[in-house]
Amino acid sequence: MTTFPRGPRLDRRGALKLSIGGAAALWLGSATQGFAQATQIKASWYGGQDTHDRMQQALALFSEKNPDIQVGVEFAPFADFYDRLPVQYSGGGAPDVHRHSMTYLFDYIERGLLADLTQHIGSTIDISGLYPGVVEIGTAGEQTQAIGNNQIAVALFYNQEKLDAAGVTGALDNLTWDAFRDMAIELGQAGGDQHYGTNDAGGFIALFELFVTQRGKGLYSDGALGFDRQDLADWFTFWHSMRAERGAPPPSVTAESAGFQNSPMVRNLAAMQTGWCQQLVFFQALMTQELGIHACPSPEGASDNGHLIRALDFWVAPARSAHVEQSARLIDFLLNDEEAIQTLGLTLGGPASDKASAILAETADAPSAKILNYLEELRPLASPQTPHWISGHGELESLLNRLNASVGFEQTTPEAAAENFFSEADRILG
Amino acid sequence: MAQDTVEAVITGKQATRDATAASRRGEAWAALVFLTPWILGIVLLTALPMIGSFVLSFSNYDLLSAPRWVGTANYERLLFSDPRYLKSLEVTTVYVLVSVPLAVAVALIIAVTLSEATRSANFFRGVYYLPSLLGGSVAIGVLWRQIFGSSGLVNISLSGLGFQTTSWIGDPRYALWTLIILNVWQFGAPMVIFLAGVRQIPKEVVEATIMDGANPVQRFFRITLPLLSPLILFNLVMQTITAFQAFVPAYVVSDGSGGPIDSTLFYTLYLYLEGFRNFRMGYAMSMAWVLLVIIAVFTALSFYASRFWVHYES
């Protein structure tokens, strides 16, 4: 009979002691290891593929230079991002630092959901080189809850070839609203059947803001609408007259124009397109013909061309985040680190500081150089103000778009649409 | 002795009864243990959220801050002072009343046509079921945009034939109809149920009518239709419930807006926009509860009306 050497016996008590001891050792081990581990934070943003690629490269650089912070990422297109964000805030799982558009920013600021970054400004976040308004828009009283990550303005993009062919390029020199309308109609006619001058921008609220700024008013004033019914009726009337003569496409074409790739200019249906200046890069990437960029129309003889150069997107941290300090370091890195500025290029918008402008000017490709040049030339002519939007802006933007389409489909008149906008705005802002 | 025997028998019976009861109790415990995951699922994932949503439907809740009790204000606004809500109700009702009977009728006709167990019938059954497998997916919504868009397949075909074209999804007069066609196209699920029903029709009955000289149309209306009527009711009810809750096609085709000018603003899409985009989750919850009532009423009406046209063999 073979006998085996008797090893240590393990009864139930022994097993229990061993498992408790083992678990404790594992916990202690992981805890000790934890002290040496990097702090995990989550960053998120919205944008297109170019933004996602460049942001991830910039964050990889950040992790290299800051080994004590590990950044997890989450990104989505704009609409999907804002479907998810309120749920994340509601459930306490909002990312530690994220991009926030002015469209919804004040919905969050007014509810006290964003961390006050004031104590980190100066010590962690260097704001000394930022353009005026970049910090001010996110500052109320003594609290700064959002810091701009860009400075942008609305612009008019045009297909140079089509303008030359129609012989209307000269109209850009003195682009009043009437000249713009005539030019758009000529371009539509020059293009032939089912061609139009520009996109229907009657639902583009930032362009409407420019329109009322040129009239010495604002989109908002003291938490309410800052313009009159007549201003809005005039606006709807202008775009209705554009559609009537193919200066702008009919609403059924506009209904299918969401996204850069579906815009009438990219689909070769229109010669011009309004948008935010940095979008020139996205439009140019989808087209072979060369695009130009120009300031939007202004009234005859106006001293102020109504263009607002200001931050439209921001970096914020939720008030409930346990890592505001680390988030502040990341915000500073994205705003001020030379390599980060180079990596991000214009994907988040125009530069937010002279330093960023200078760095980007050195390496800019042709479309980016046009944007930088546009902002540079616009700056002395632009309004010195940087007014901000308010809570409820997102809903008002959809409302404007819907009413402009209703006028287009002749379901309502410009005057009735303006009236409707005001009564709905009362409820939304009430 | 006899007394002892009797006592022993009684004790024995008692012991058996005890054992049986204990075993039943054991079985009950086992059943409970096995059911626990489902009970927990129903309580935690269905019942509690439902109660929560009912309570919150009486509040002003924006997802981002604490709810504030507003009594029946949400329900009052819903029923009396929100024209967009009424528009969404109108759009959804048209969608349900047109697309559901059409989808059920198409399913029934195809099922009867393909009821023979031939090889080609098997093939076509598979082909016709395919759209239902794809269901209300995002991919189908995108496909629909490509088919009915201004430079889509339909317009290419129409202009090829010399017809005037229009943007089917960009025009409020037609946009809803493209979604109705989409729903009718997905008739696979009711078709499968009808196929099973057609197979259950007794051969003797069919043969007897053939002997009596009934033609196929008479057989369809006099035999097939009455015998399938319980399944028609079932399919109508199920399709109605699903159609009231349709969301994805409208969301994708209209880019999440319900446009153009609210012509595809389905009930659930408006609910979603109010809850998640406009921060009125309390209001959205009241909409959800009203939808439940609407579906319940429609279902009850279907059952009530069924006594006049549904034929049960028993």
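Counting starts with 1 at the first residue shown.
Placement of Cβ uses the backbone N, Cα and C atoms for every residue, glycine included.
Annotation source TrEMBL lists transmembrane segment at B:29-56 (among others).
Residues annotated as domain 'ABC transmembrane type-1' in TrEMBL: B:89-302.
Within the chain carrying the transmembrane segment (B:94-114), a Cβ under 8 angstroms from the stretch's Cβ atoms is held by residues 121, 124-125, 128, 176, 179-180, 183-184, 186-192, 194-195, 197-198, 220, 224, 228, 232, 235-236, 239-240, 243-244, 246, 266, 298, all 6 or more beyond its ends. According to TrEMBL, the feature transmembrane segment maps to B:94-114 (among others).
Residues 110, 114, 169, 178-179, 182, 185-189, 191-192, 246-249, 251-253 of the same chain, all 6+ positions outside the transmembrane segment (B:126-144), place their C-beta atoms under 8 angstroms from a C-beta of that stretch. What TrEMBL lists as transmembrane segment is B:126-144 (among others).
Marked as transmembrane segment by TrEMBL: B:174-198 (among others).
Under the heading transmembrane segment, TrEMBL lists B:219-238 (among others). Same-chain residues lying 6 or more positions outside the transmembrane segment (B:219-238) and placing a CB less than 8 Å from one of its CB atoms are 100-101, 104, 107-108, 112, 190, 193-194, 197-198, 200-201, 205-206, 209-210, 299, 302-303, 306, 309-313.
TrEMBL lists B:250-273 (among others) with the feature transmembrane segment. Residues of the same chain lying 6 or more positions beyond the ends of the transmembrane segment (B:250-273) and with a Cβ under 8 Å from any Cβ of it are 84-85, 87-89, 91-92, 95, 138, 141-142, 144-145, 169-173, 175-176, 178-179, 244, 284, 287-288, 291.
Marked as transmembrane segment by TrEMBL: B:285-305 (among others).
Outside the transmembrane segment (B:174-198) by six or more residues, the chain places 91, 94-95, 98-100, 102-104, 106-108, 110-112, 114-115, 125, 128-136, 140, 144, 148, 166, 168, 224, 227-228, 231, 234-235, 238-239, 243, 246, 249-250, 253-254, 259-260, 263-264 with a CB less than 8 A from a CB of the stretch. Cβ atoms under 8 Å from those of the transmembrane segment (B:29-56) belong to residues 67, 281-282, 285, 288-289 of the same chain, restricted to positions at least 6 beyond its ends. Outside the transmembrane segment (B:285-305), and at least 6 residues removed from its termini, the chain residues within Cβ reach (under 8 Å) are 53-54, 56-58, 61, 74-75, 78-79, 85, 96, 233, 236-237, 240-241, 244-245, 267-268, 270-271, 274-275.
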